[in-house]
Amino acid sequence: MAKTLSKPASGALAPWLGISLIVILFDQLSKIAILKTFAYGAQHALTSFFSLVLVYNRGAAFGFLSTASGWQRWAFTALGIGATLVICFLLRRHGQQRLFSLSLALILGGALGNVIDRLVYGHVIDFLDFHVGGWHFPAFNLADSAITIGAVLLVYDELRRVRGSR
């Protein structure tokens, strides 16, 4: 009897794409609300260490390359689309690995949330602003939070896998 290669079930991909879609929806809805509520640079303090503020980020994380001549919009858009393709491939192959796939789904949703901003507005909309004393963390958004949480879970999953193989 001939062996056949089994294809990953497309159903294994659907739940993870659903999580990514939820991240994108919350991210985009929060940005729309901020755009409708705040003027650029306007700040609303919610606590002594946390404010909402509308800022535009033409670069990457922490404003990296934000003062470049404009090429970064398309470079980071292409990077986000490339990451999307790689993540979808990994989700199809490893959809049964729940923590790994959850981390990728969060990263995917965050990456696409920011890609949408770059395509629609030409920059990423940031609005979550933390500051304590003289220390100030650069403003960020829900997409960035999903990417960060996904990356932390990815590292945790890998450490757990390495420890389990010993």
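Residue numbers in this text run from 1 along the chain shown.
Cβ atoms are placed via backbone N, Cα and C, with glycine included.
Note that this is a predicted model, so its numbers are computed, not measured.
If you check Swiss-Prot, you get these features:
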ACT_SITE  Asp126  active site
ACT_SITE  Asp144  active site
TRANSMEM  9-29  transmembrane segment
TRANSMEM  45-65  transmembrane segment
TRANSMEM  71-91  transmembrane segment
TRANSMEM  100-120  transmembrane segment
TRANSMEM  135-155  transmembrane segment
Inset, instruction - Could you tell me whether the transmembrane segment (9-29) and the transmembrane segment (135-155) are in contact, taking contact to mean 3+ Cβ pairs under 8 Å with a sequence separation of 6 or more? - result: yes
Inset, instruction - According to DSSP, folded down to helix, strand and coil, what is Asp126 (active site)? - result: strand
